[in-house]
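Marked as active site by TrEMBL: 45, 88. The feature domain 'Peptidase S26' is assigned by TrEMBL to 21-100, 105-145.
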């Protein structure tokens, strides 16, 4: 009889723990899917602003409401490979005229123009053209790693003007 009682108590405790894990897991998933998450950068295309292994906090609200602005750093699915994500700066928005060489591009509605800060070492809209807003996953808010270089990434600087 005592064994059955202990088994019931143990089962209840395990059930409570599993219930908490599932609840917190669901909350964490929803937060990281719809509100904000962390991204690890790789590659030289955003140097000197961002370097490989920098960790960024990104928010997912601006892209959902199509509130991406010129100068924002965004995380997007690559137009060339949907399994890969890219980190680039928005240098053109709907209606902007971008001239690359002798070719002028007019950004259509629902698209943005993305470029890496390191123009000599970046595959970006200069290669694949305007990017649909629907591919944008998040907007970088701050760099949190390395800790001694932590800073907000919301200063648009020279990118906040129309070219």
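Yeah, the Cβs are placed from backbone N, Cα and C, and that goes for glycine too.
Since the structure is predicted, the reported quantities are computational estimates derived from the model, not experimental observations.
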Taking only the CA atoms, the spacing between residue 88 (active site) and residue 45 (active site), expressed in whole angstrom, is 8
Reduced DSSP state (H/G/I helix, E/B strand, rest coil) at residue 88 (active site) is strand
In DSSP terms, the domain 'Peptidase S26' (21-100) comprises 18 helix, 27 strand, 35 coil
